[in-house]
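J.: Would you mind keeping the following structure in view while I ask a few things?
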Amino acid sequence: EYQSKKIMADHGVTVQRFFVADSANDALEAAQRLKAKEIVLKAQILAGGRGKGVFNSGLKGGVHLTKDPKIVEQLAKQMIGYNLSTKQTPKDGVTVKKVMVAEALNISRETYFAILMDRACNGPVMVGSPQGGVDIEEVAVTSPELIFKEEIDIFEGIKDHQALQMAKNLGFKGPLQQQAADQIKKLYNLFLKIDATQVEVNPFGETPEGQVVCFDAKINFDDNAEFRQKEIFAMDDKSENEPIENEAAKYDLKYIGLDGNIACFVNGAGLAMATCDIISLNGGKPANFLDLGGGVKEAQVYQAFKLLTADPKVEAILVNIFGGIVNCAIIANGITRACRELELKVPLVVRLEGTNVHEAQRILNESGLPIMSANDLEDAAKKAVASVAKK
């Protein structure tokens, strides 16, 4: 949160005054420097639901309001260095290394505003709602008429009349309307300059003093822009990731751990999600989401198996590859090498389709290894689930 607020402030977007602290003493000094009527102290982790989270220090809640800087210090002592568990963190929570000490502003009205890339529109769109501070997905279901969407011409940007109309749709009145429109245009300039794919401000609110403020923001960046956004990508704190995720990233593998016992080894995020779904539909539980991506090499296949077999929860592995860019024969060679060198001890189900699939099937069939081949994804899922059930 503090990173997104700094980025916004650097681009002229109005945010509340704040400092970041990595010790209780620093938090106290920050609170004293703010000289605010009321202070909000927020634990800084890459997860939502902080307000209702619980620390292993015994403290409840990762967001606290107080008027006393000394209380800020006491609370920070129970936050920094302790794990905060929320609905979005692993069971053991995530270690809090920093806290944000900010001026607490009263919000007289909350709205929602976002700019994001929309494939259906082949470009950026503005999305807004006069109902902010709540889950926008819920608003879309219960009150779809309160969701306003406007396409943005990538060559001309947000025009003045578009920004004003969105401000009206969000319910801003009088001088606040122009103020909100100005903030909307600044957010779009930010969106472009930092190569964002999404800038979501919730709440995008107004104060009793007549100020439009971006109170909280979520920003997603285009990974392909890393070469020209080095400063932003350097902010990425990989220490909050599971160690296995960081290890996978070394080999250009995308890994997300899940709670089941059937490991998934797939190319492409969409196919990986579909594989997890079909395992679940057949009564199994996926142990992970592992996306091999395109341009794969045999060494990556070996490393992927090494990661999967290191997970003690894994009782079976399902390989599901649809070879377009990916050469199935390379996958097959990687699989056979991994099985031999790692002495695979769990059932392995393989479904291959696409480029060089016949050569791949020959490699697997002639390997002499106990590999179960599957005709399609449904067949693969059933075999993987059945292999676990036999244990």
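Just so you know, glycine gets a Cβ as well, placed from its N, Cα and C.
Quick paste from Swiss-Prot:
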BINDING   Gln16, Gly49, Arg50, Gly51, Leu105  GTP binding site
BINDING   Asn202, Asp216  Mg(2+) binding site
BINDING   Asn267, Gly324, Ile325, Val326  substrate binding site
DOMAIN    5-233  domain 'ATP-grasp'
SITE      Glu38  site 'Important for substrate specificity'
SITE      Asn106  site 'Important for substrate specificity'
J.: For Gln16 (GTP binding site), which of the recorded positions Glu38, Asn202, Asp216, Ile325, Val326 has the nearest Cα in space?
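T.: Comparing Cα positions, the candidate nearest Gln16 (GTP binding site) turns out to be Asp216.
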J.: Ranking the binding-site residues Leu105, Ile325, Val326 by other Cβ atoms within 10 Å, which is at the bottom?
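T.: Per-residue Cβ counts within 10 Å for the binding-site residues Leu105, Ile325, Val326 bottom out at Ile325.
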J.: Among the recorded positions Glu38, Asp216, whose Cβ has the fewest other Cβ atoms within 10 Å?
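T.: Each of the recorded positions Glu38, Asp216 was scored; lowest Cβ tally within 10 Å is Glu38.
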J.: Please tell me which one of the recorded positions listed here (Glu38, Arg50, Leu105, Asn106) sits closest to Asn267 (substrate binding site), measuring Cα to Cα?
T.: Arg50
J.: When the pLDDT values for the domain 'ATP-grasp' (5-233) are averaged, what is the result?
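T.: PLDDT averaged over the stretch: 95.
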J.: Name the secondary structure element type, per DSSP in three states, that contains Glu38 (site 'Important for substrate specificity').
T.: coil
J.: Report, as a single number, how many Cβ atoms besides its own are within 10 Å of the Cβ of Gly51 (GTP binding site).
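T.: Total other Cβ atoms inside 10 Å, all chains included: 13.
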J.: 10 Å Cβ neighbour count around Arg50 (GTP binding site)?
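T.: Within a 10 Å radius of the Cβ of Arg50 (GTP binding site) lie 20 other Cβ atoms.
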J.: Cβ distance under 8 Å to Asn202 (Mg(2+) binding site), same chain, sequence separation 6 or more: which residues?
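T.: Set apart from Asn202 (Mg(2+) binding site) by at least 6 residues yet with Cβ under 8 Å, we have Glu110, Tyr112, Phe113, Ala114, Gly132, Gly133, Ile136, Asp216, Ala217, Lys218.
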J.: At a 10 Å cut-off from the C-beta of Gln16 (GTP binding site), count the other C-beta atoms across all protein chains.
T.: 20
J.: Could you state, as a whole number of Å, the largest distance between Cα atoms of any two of Asn267, Gly324, Ile325, Val326, the listed substrate binders?
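T.: Between the most distant Cα atoms of the substrate site, 10 Å.
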J.: Please determine which of the recorded positions listed here (Asn106, Asn267) has the lowest count of neighbouring CB atoms within 10 Å.
T.: Asn106
J.: Mind giving me a neighbour count for Gly324 (substrate binding site)? Other Cβ atoms within 10 Å of its Cβ, every protein chain shown.
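T.: Around the Cβ of Gly324 (substrate binding site), 11 other Cβ atoms lie within 10 Å.
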J.: Just checking the recorded positions Glu38, Asn106, Gly324, Val326: which sit within 10 A of Gly51 (GTP binding site), CA to CA?
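T.: Neighbours among recorded positions: none.
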